[in-house]
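Now, the feature entries from TrEMBL:
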DOMAIN    1-416  domain 'Major facilitator superfamily (MFS) profile'
TRANSMEM  6-28  transmembrane segment
TRANSMEM  40-61  transmembrane segment
TRANSMEM  67-86  transmembrane segment
TRANSMEM  106-123  transmembrane segment
TRANSMEM  129-148  transmembrane segment
TRANSMEM  237-255  transmembrane segment
TRANSMEM  275-296  transmembrane segment
TRANSMEM  303-321  transmembrane segment
TRANSMEM  327-349  transmembrane segment
TRANSMEM  361-384  transmembrane segment
TRANSMEM  390-410  transmembrane segment
Amino acid sequence: QSFGVRAAAVGSTISVYAIARLMMNLPAGMLADRYGRKPLLVWGPLITAFGMIGCGMSGTFGQLLAWRWVTGIGSALQMAGAQLFLTDISLSTNRARTLGTNQARAASLMGGLVGPALGGLLADCAGLRAPFTLTGVAALLAALYGWVRLPETMGLRARQEKDEAASRAEPAAARAAQAEALQLKEFAIVQAESSGAEEAAPEQMPVLAASGGQIAAAKAVDAARPSWLLLLESRDFGAIALVNALMFATANGSRSVLMPLLATQSFALSTTALGLLYALMAVISLVGIMPAAFVADKLGRKWTIVPSCFGLAAALLLMAVTGRQEFFIGAMMVYAVANSCIGATPAAFAADVMPQSVSGFGLGMFRCAGDIGLMVGPALLGWIADMTSVQTALQVNAAVLVLAVSYFGLAARETKHLRVQQHMQKRAAAAA
């Protein structure tokens, strides 16, 4: 209304933001791999601050779109740095809980509950431009905090997982290695006594040097492989990226578009009642995300992702076929429970399977998959609803989600202790 544009044009402010994030996800990950996580945690909020303040000061709709583009770039940088920072400071045994804590407290609590209420109150008191300024100031404070207090964590993850692998090594294996080393030492002493220490020592050094050279050469070959090739060859990463795209498509298509349409058109729910139901769904998601992350860390990622996605599909199907209001409301609550059970587990799974040397690039690709689902899902499901019905669109969403998670369940490995096992195998191969 301020700029005299139609309602359809308002949607472009969201599209511009999403496209900017999509285009910046991979470069942000590559920057994090090269320069570290902390620069992104400083520059991301800083760019976001300028973008938000610019939005509040925009004089034309074109200027508003340009500043929304800037905000999307800052968001991509900040999200890349934050997700990698949390991945670095976590282990495979607590990664889902670490990422889940960030998602629950920062995204759901602060963004989903406190943000809209505070922004609406401020807009009523000081005008529509005031929330943009307040958000910009908050982002500036976040950038300042990141610059002063946050450490650089690049490389920390590898050291932590090395220690974790060492702590999980069996005592028997350690004793066997010590016994083997003692036998080698005794053999060297006997050989030195028989043929002279001056001749025995040089004779053994080339063998050790050759072994070290072979290990270094093998590592060099792995390091020389392109990062995109390492990720494209990973069936685990492809499967979880597909699930992530479907999750974003479902959340922004069925949850944000189809469910409100069905609630108001078929079940005559008022706007107030619908708002209360969505608030209850947000509370359920907030309460359930940490217990679900605990299960993912203790039992495994697949044990959380697969049943939860089936629960989402069941909720969508129930909404589509039921004709009773109480069943529809119950299906909404089932959706909220299943969504909270998934939580940040897909991100933890992706972090488990991607190579450490390209973790930033990999998480960028993972976020790109989600942003593609964000862009394509609402439009495609809306088109299906226009051509057929809202119920049919929900059924299509449920069917595609079942196919995607079934492929994930069959193709992907359990990754709860994958990093530890890989490190122990490398140590065993080096020792051999």
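Backbone N, Cα and C define each Cβ position, glycine as well.
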**OP:** Report yes or no: does the transmembrane segment (303-321) come within contact of the transmembrane segment (129-148), defined as 3 or more CB pairs under 8 Å with a sequence separation of 6 or more?
**Re:** no
**OP:** State the non-local partners of the transmembrane segment (327-349) in its own chain: residues 6+ outside its ends, Cβ under 8 Å from one of its Cβ atoms.
**Re:** 83, 95-96, 99-100, 102-104, 236, 240, 243-244, 247, 251, 255, 259, 262-263, 266-267, 277, 280-282, 284-290, 292-293, 295-296, 301-302, 304-305, 307-309, 311-312, 314-316, 318-319, 363, 366, 412, 415
Original post:
Quick one: mean pLDDT on the domain 'Major facilitator superfamily (MFS) profile' (1-416)?
Top reply: 80
**OP:** Find the member of 67-86, 129-148, 237-255, 275-296, 361-384 that has more C-beta pairs under 8 Å to the transmembrane segment (390-410) than any other listed stretch.
**Re:** 237-255
Subject >> Residues of the parent chain within Cβ reach of the transmembrane segment (361-384), under 8 Å, 6 or more residues beyond its termini >> reply: 15, 18-19, 21-22, 25-30, 33, 76, 79-80, 83-84, 87, 227-228, 231, 237, 240-242, 244-250, 252-254, 256-258, 346-347, 350-351, 354-355, 392-393, 396-397
Subject >> Remote residues contacting the transmembrane segment (237-255) - C-beta distance under 8 A, at least 6 residues beyond either end >> reply: 231, 305, 309, 312, 316, 335, 339, 342, 346, 349-350, 353-354, 362, 365-366, 369-374, 376-378, 380-382, 393-394, 397, 400-401, 404-405, 407-408, 411-412
